[in-house]
Protein chains: 4
Amino acid sequence: MTTSTKEKIVLAYSGGLDTSVAIPWLMDKGYDVIAVVLDVGQGGKDLDAIQKKGLAVGAIESIVIDAKDEFADEYVAPVILSNALYEGSYPLVSALSRPLIIKKLVEIAHENDAHAIAHGSTGKGNDQVRFEAAIHALDPNLAIEAPIRDFHWSREEEIDYAKDHGVPVPIGKASPYSIDANLWGRANEAGILENPWNQAPDDAWGMTVDPQDAPDEAQFIDLDFENGLPVAIDGQAMKLSVLIQELNVIAGKHGIGRIDKIENRLVGIKSREVYEAPAAAVIMTAHKDLEDLTLERDVAHYKPIVEHQITDLIYNGMWISPLFDALMSFVVTTQAVVNGKVKLKLYKGSVQAVARQSEHNSLYNEQLATYTAADSFDQIAAAGFIKLWSLPTMVYEQVNHVHSDKLED
Amino acid sequence: MTTSTKEKIVLAYSGGLDTSVAIPWLMDKGYDVIAVVLDVGQGGKDLDAIQKKGLAVGAIESIVIDAKDEFADEYVAPVILSNALYEGSYPLVSALSRPLIIKKLVEIAHENDAHAIAHGSTGKGNDQVRFEAAIHALDPNLAIEAPIRDFHWSREEEIDYAKDHGVPVPIGKASPYSIDANLWGRANEAGILENPWNQAPDDAWGMTVDPQDAPDEAQFIDLDFENGLPVAIDGQAMKLSVLIQELNVIAGKHGIGRIDKIENRLVGIKSREVYEAPAAAVIMTAHKDLEDLTLERDVAHYKPIVEHQITDLIYNGMWISPLFDALMSFVVTTQAVVNGKVKLKLYKGSVQAVARQSEHNSLYNEQLATYTAADSFDQIAAAGFIKLWSLPTMVYEQVNHVHSDKLED
Amino acid sequence: MTTSTKEKIVLAYSGGLDTSVAIPWLMDKGYDVIAVVLDVGQGGKDLDAIQKKGLAVGAIESIVIDAKDEFADEYVAPVILSNALYEGSYPLVSALSRPLIIKKLVEIAHENDAHAIAHGSTGKGNDQVRFEAAIHALDPNLAIEAPIRDFHWSREEEIDYAKDHGVPVPIGKASPYSIDANLWGRANEAGILENPWNQAPDDAWGMTVDPQDAPDEAQFIDLDFENGLPVAIDGQAMKLSVLIQELNVIAGKHGIGRIDKIENRLVGIKSREVYEAPAAAVIMTAHKDLEDLTLERDVAHYKPIVEHQITDLIYNGMWISPLFDALMSFVVTTQAVVNGKVKLKLYKGSVQAVARQSEHNSLYNEQLATYTAADSFDQIAAAGFIKLWSLPTMVYEQVNHVHSDKLED
Amino acid sequence: MTTSTKEKIVLAYSGGLDTSVAIPWLMDKGYDVIAVVLDVGQGGKDLDAIQKKGLAVGAIESIVIDAKDEFADEYVAPVILSNALYEGSYPLVSALSRPLIIKKLVEIAHENDAHAIAHGSTGKGNDQVRFEAAIHALDPNLAIEAPIRDFHWSREEEIDYAKDHGVPVPIGKASPYSIDANLWGRANEAGILENPWNQAPDDAWGMTVDPQDAPDEAQFIDLDFENGLPVAIDGQAMKLSVLIQELNVIAGKHGIGRIDKIENRLVGIKSREVYEAPAAAVIMTAHKDLEDLTLERDVAHYKPIVEHQITDLIYNGMWISPLFDALMSFVVTTQAVVNGKVKLKLYKGSVQAVARQSEHNSLYNEQLATYTAADSFDQIAAAGFIKLWSLPTMVYEQVNHVHSDKLED
């Protein structure tokens with residue numbers, strides 16, 4: 001609990017230059033700043049040092065929260081169950097942490113009687129929407145500050161401002177990239193990537209080796225699922241947050257999970273993005289494969305339509321929305337039977353399901369599928385089926401001759 | 001033109017044991033048999049020999065038709081434009097040749113005054129539906145014979161029948177697999193694959209090397225597209241049927257295009273299938289990537305829904321249907337802008353788009369997307385956008401408190 | 001419990017000629033017949049007499065079950081929540097009773113150690129699918145008899161058979177119609193209706209007056225909803241089965257709920273159907289109107305897509321299916337906020353919602369919507385919203401000039 | 001052609017107070033104003049007088065364009081073909097005229113070398129989006145003025161400003177409503193309607209009589225369609241714009257086409273709207289009914305999904321968009337067979353299709369549908385069909401026992 005007569009603001013803090021400069025900037029606007037960092041598995045960062053830095057540059061309070069389990073269980077899990085890949089390939093890395101960050105920030109604002117929240121997003125990305133839509137939903141009375149969107153500073157001006165306000169400035173040339181990471185993956189944009197005809201250079205990648213540097217031997221792993229979620233690697237049970245981190249190491253070593261794409265942002269522009277998501281690549285390959293074995297056909301064919309909508313909602317900042325909740329009811333209902341084991345082959349940049357089984361829920365029936373003497377399928381039924389199946393199009397052709405008139409005689 | 005007083009039947013002939021045995025079987029039923037083989041790029045087969053074999057086992061006429069170009073231009077092209085992958089991965093190899101085969105057989109039946117068509121499908125697969133639905137649509141007066149579905153013979157009985165009727169029987173152990181191929185790919189089922197926990201053995205594959213035996217150096221190729229279709233490899237123009245065959249060789253050498261999946265058949269069972277489609281893997285990766293650059297966002301987000309339906313229609317034997325035609329009108333309309341070049345990396349079993357450009361139709365705008373001083377995006381507009389974008393869910397939460405009541409304070 | 005050495009069969013019995021003749025026919029096939037009638041509110045029938053008739057024509061047991069409440073609560077309620085109208089207008093009357101009838105028949109079969117079930121559907125309608133799909137799902141070991149489908153009798157032959165076997169034959173000319181009814185409505189087909197250019201004659205209708213004979217004064221009623229289901233008429237609470245029957249009387253008197261349509265049957269043909277569903281017309285009008293007030297926009301726009309699929313599943317006999325269950329999870333989740341009151345005007349064949357309110361869940365906000373001084377809407381935000389909303393199509397036009405090139409200058 | 005050194009602006013002019021006051025207001029901002037009125041069948045207005053009024057209050061040029069035929073043929077026709085009803089009931093009246101108005105205004109701007117366009121929409125409605133999105137698409141270089149959105153005036157201030165600038169002020173109490181009309185219908189909002197529990201008073205309606213005041217005799221009309229569009233009333237051919245106006249009179253006299261609804265606006269709020277669209281009610285009822293007779297089943301079941309998207313696009317200002325164009329390709333392809341005649345009954349506020357025929361394209365086949373001796377349907381095929389149709393759900397139940405475990409034994 002802090003005591004001060006000034007208006008308090010809770011800042012989504014990363015320790016980087018932008019959100020560090022934001023602290024004096026918000027102080028200048030009259031706020032007492034509470035800096036908050038969530039550990040969502042971004043890795044490679046000394047969170048203690050970040051916490052201290054927050055205080056050093058002026059925050060009245062600086063908080064680090066270990067949110068890895070909540071992130072995995074409440075935010076990544078729905079993505080796994082939904083096979084959620086934006087525009088067919090992006091596993092929604094950054095879109096997932098935003099609603100959790102805001103949930104924590106709003107709770108801290110309420111505890112501290114703060115009436116404002118600040119985030120470090122620019123004005124042309126998706127994250128500002130995800131942050132602010134979540135704030136509007138959870139507490140519409142909270143004011144919002146978006147200093148980076150409002151700075152209108154050149155890099156030089158920002159550095160001057162930092163120096164003037166005692167904010168440490170990184171030495172040497174700044175990274176050309178803008179990076180966001182959590183345990184579900186890593187997003188990279190800007191710099192040389194802005195030209196879509198440029199290939200992503202080696203230094204654009206951080207979680208995976210180049211497939212050409214990966215081991216020359218394939219690695220096989222077994223992944224166990226319960227109710228659609230992975231619960232064990234090679235028979236060894238572990239909680240989801242740990243399982244994901246393990247798989248990031250294993251699959252990253254094989255160069256798996258690199259994504260290079262042109263993407264449609266919610267704010268109306270196309271951007272070029274480079275992502276890495278090694279664990280996501282493995283888990284989602286296995287999950288889909290196990291669904292192929294256990295989901296009934298109509299469910300299997302309808303679920304992608306629902307998944308498409310869920311994915312867009314998450315990407316578009318609508319995590320907190322009644323449509324997301326209703327669609328997830330659908331998804332969760334389908335997953336009670338997604339139990340079993342998938343064997344995966346990891347080799348030189350790609351992962352493939354090579355075998356799968358489900359002791360209690362497999363709908364694959366060798367007696368029905370076989371071409372051997374064990375066949376129990378009623379082949380006679382097929383002729384009747386085909387007759388009624390094709391009756392509407394047959395009548396249509398008889399009446400309208402669209403295709404039969406085009407035959408060469 | 002043949003002359004005979006007996007009823008004529010046109011048989012979809014492959015030269016294999018089943019459809020060869022079908023010839024005397026149909027003769028026993030009182031038919032004069034016209035055997036027809038289409039060359040749809042199945043490869044590895046001596047079509048002349050097959051033509052002669054048809055006559056040798058009793059057909060009154062035996063016809064080979066080179067349909068490679070018609071197959072590529074009229075049947076494969078829609079699949080490319082539609083990114084059509086059944087259940088997310090199968091590029092519809094066999095489903096594509098069936099309507100073309102029937103079209104040719106009906107034309108030949110009409111030319112020869114034949115009133116029946118025979119096909120060699122079993123009673124538990126999809127192909128019987130595809131064959132018969134197409135026949136019903138193109139000429140509902142044609143009778144249909146499906147000898148394999150009606151045989152009810154054991155392997156031994158079939159061989160005895162063959163020997164009794166002068167049909168050559170393959171020497172040695174029969175292949176454990178049931179294979180269908182054309183220039184778009186190769187399907188393999190049955191045998192050891194019937195247990196989904198068995199890994200596909202080496203002899204299950206025919207168009208691709210094992211990725212571990214692929215070259216240690218990645219290969220880069222440029223693919224040019226016009227109106228959504230590939231027209232050149234590394235700047236060298238070629239017609240579609242040739243381009244596909246070239247890419248099968250190039251990509252097959254890198255072990256690309258292997259698919260191993262549990263699949264829902266139209267007839268209601270799950271089967272385990274092993275496919276190879278090297279050219280399809282390359283072309284479809286590139287096509288989707290170029291669409292990401294050239295399709296407007298709403299088109300890009302709606303087209304997958306249409307594609308999903310097109311794919312199911314093709315798989316389910318509804319190639320000749322007014323819904324397929326209407327959906328393809330949608331797709332073709334979207335493809336006028338899909339022009340440009342994609343650079344692909346082929347390496348050890350996987351293909352990835354690594355760069356792309358479109359001189360006249362790229363919607364990627366570096367001035368809008370950049371984070372440099374060249375930025376022309378109106379960042380101020382974003383705040384207003386977010387307010388209205390999130391207004392409905394904000395009001396919903398204000399009224400119903402679904403998520404805000406769950407905050408910890 | 002019955003005791004007999006013969007094989008027992010449970011028959012879905014209606015008391016009509018067809019299912020009465022079926023009893024001796026099944027006896028001839030060696031069965032002991034257990035006749036079962038469900039009271040699902042079909043009305044106008046003496047169920048005691050039907051029960052006795054079952055025994056009189058030879059059933060070893062004849063059972064009447066009052067299933068009105070289970071029918072309303074478990075089978076009609078999902079239709080209300082889902083606004084389920086097949087092809088936009090048919091509220092699924094007959095499709096709803098079939099799975100309930102089978103559920104009861106299977107239970108009775110299990111209790112009586114019977115191994116077969118018989119139904120009275122023809123071979124060209126939807127009901128055979130609904131009956132048999134439900135039997136296959138609930139107990140695939142049960143044999144199925146479909147005597148009407150197998151009779152191949154002319155009307156005269158059926159009457160002769162009836163007379164020979166002591167089955168009472170209706171005196172005089174048989175009704176030209178084939179009718180099925182329950183508390184949710186009444187279906188009528190065949191006879192003069194088979195020509196779609198014939199108008200439905202007066203005797204085709206049974207639950208509604210001709211609108212021209214309806215009262216000259218409009219009637220207003222208030223319908224209260226809780227969680228999407230109607231619970232009171234004009235403030236008077238009643239259980240669903242009673243509420244529906246009350247509304248059938250009230251709305252039938254005003255000539256409301258007549259439907260005349262060409263319909264696509266699952267078995268591949270088009271049929272002409274005449275339905276009446278007075279209560280359904282009123283309830284579904286009110287339910288949709290209250291949803292307009294209480295559902296968040298994205299939910300309101302996505303739910304029709306889900307409803308479309310639910311409706312087809314029910315129509316197509318897939319009530320017992322995992323997809324239906326999953327889709328209903330979606331629907332039920334959305335209905336927690338559908339609480340309030342709708343005022344309806346009933347007049348001369350039509351029903352209209354004229355006013356609505358929801359004390360706790362209305363998302364209509366007069367302060368946001370008003371054009372008076374009380375306006376709290378941020379009009380400035382709109383300009384920014386429009387800019388980003390239209391950015392993708394603007395860029396598309398700038399690049400491709402599809403529409404701007406067509407301007408006349 | 002006008003000559004002036006000042007910057008010119010083209011104003012969408014209606015003759016009402018708001019857009020009349022806008023003329024001096026734009027002049028104050030330094031513009032020469034070109035006022036443009038489109039005749040889209042709004043009726044009840046003296047367009048000559050409006051044209052003169054434009055000049056009288058200061059416009060340098062005032063133009064009236066008869067756009068009724070272009071409006072009917074290019075903007076209303078797609079709505080008919082698409083059965084486009086926003087949220088199930090609103091036939092998109094105002095949303096249709098906006099893109100046409102902008103098309104004409106942009107053409108006039110180009111002819112006159114004007115670089116700006118002004119419209120009279122407020123900041124909380126949909127029309128601002130429709131106007132501005134169309135401008136952005138057709139010429140992104142045009143500046144936009146939205147005086148009403150920017151006024152921030154009370155009614156009294158607006159009247160004072162009008163008096164000061166010689167703009168005629170309506171005598172007496174202003175209408176409490178905000179109305180927009182064209183030949184496709186009439187929209188009314190605001191005033192007493194802002195409380196959803198208030199019933200719409202008599203003076204809210206302008207194109208229809210109260211159903212209770214409609215004729216006591218039903219009227220029957222025959223509507224002929226070609227390629228999905230109505231071409232004749234009772235056999236009398238007329239062009240679309242005239243046919244719609246005729247039907248507005250005929251159906252308006254019977255009180256048909258009143259709509260009272262809570263609607264989700266694109267800008268994020270719910271509003272209460274009262275619409276009248278008599279011709280639309282008749283035409284769309286008939287069109288859907290004729291489609292039921294002529295569209296193949298799969299087309300009939302998929303088209304509503306496409307229609308849903310088209311409707312939202314039109315409502316949301318995306319008329320000029322590649323997705324709209326592609327979806328319309330789908331729709332137009334389906335309409336080649338929608339030819340025939342529908343008989344409609346108009347009575348006391350409701351319209352119903354009571355008979356329909358299509359000489360060349362009816363897919364209704366009495367031989368297949370009949371229950372008489374003429375029956376040509378293969379009833380034996382049904383048993384096989386049902387077996388395969390229900391196989392996936394049967395296997396699912398056998399494995400998972402979801403429903404069979406709930407049976408009472």
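From the backbone N, Cα and C atoms, a Cβ is placed for every residue, glycine too.
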Candidates B:Gly120, B:Gly123, B:Gly125, B:Gly166, the one TrEMBL lists with B:Ala12, B:Tyr13, B:Ser14, B:Gly15, B:Gly16, B:Leu17, B:Asp18, B:Thr19, B:Ser20 as binding ATP: B:Gly120
In angstrom units, rounded to an integer, how far apart are the Cα atoms of B:Thr122 (L-aspartate binding site) and B:Glu263 (L-citrulline binding site)? 17
Ranked by the number of other Cβ atoms within 10 Å of their own Cβ, which of the binding-site residues B:Tyr90, B:Tyr275 ranks first? B:Tyr275
Counting only residues outside B:Ala12, B:Tyr13, B:Ser14, B:Gly15, B:Gly16, B:Leu17, B:Asp18, B:Thr19, B:Ser20, B:Gly120 in the same chain, those with C-beta within 8 angstroms of the ATP site's C-beta centroid are B:Val21, B:Ala22
Neighbourhood of the L-aspartate site (B:Thr122, B:Asn126, B:Asp127): other residues with Cβ within 8 Å of the Cβ centroid, in order? B:Ser121, B:Lys124, B:Gly125, B:Gln128, B:Val129, B:Arg130, B:Val267
Mapped onto three states, the DSSP assignment of B:Tyr275 (L-citrulline binding site) reads strand
Restricting to the chain of B:Ser178 (L-citrulline binding site) and a gap of 6 or more, list residues whose Cβ falls under 8 Å of its Cβ, or answer none. B:Asn188, B:Glu189, B:Ala190
Spatial neighbours of B:Asp127 (L-aspartate binding site) that are distant in sequence (at least 6 apart) but have CB under 8 A: B:Ser94, B:Arg98, B:His119, B:Ser121, B:Asp180
Could you work out which of the binding-site residues (B:Asp18, B:Glu263) has its C-beta surrounded by the smallest number of other C-beta atoms within 10 A? B:Asp18
For B:Arg130 (L-citrulline binding site), what is the secondary structure state per DSSP, taken as helix, strand or coil? helix
Between B:Glu263 (L-citrulline binding site) and B:Ser14 (ATP binding site), what is the CA-CA distance rounded to a whole number of Å? 25
Which residues, sitting 6 or more apart from B:Ser14 (ATP binding site) on the same chain, put a CB under 8 Å from its CB? B:Val37, B:Ile50, B:Gly120
Tell me the Cα distance separating B:Asn126 (L-citrulline binding site) from B:Ser20 (ATP binding site), rounded to the nearest angstrom. 21
Applying a 10 Å Cβ distance cut-off over all chains shown, what neighbour count does B:Ala12 (ATP binding site) have? 23
Using only C-alpha positions, which one of B:Ala12, B:Gly16, B:Asp18 is spatially nearest B:Arg130 (L-citrulline binding site)? These are the binding-site residues in the record. B:Ala12
Quick one: of the binding-site residues B:Ser20, B:Thr122, B:Asn126, B:Ser178, B:Glu263, B:Tyr275, which have a CB under 8 A from chain A's CB atoms? B:Thr122, B:Ser178, B:Glu263
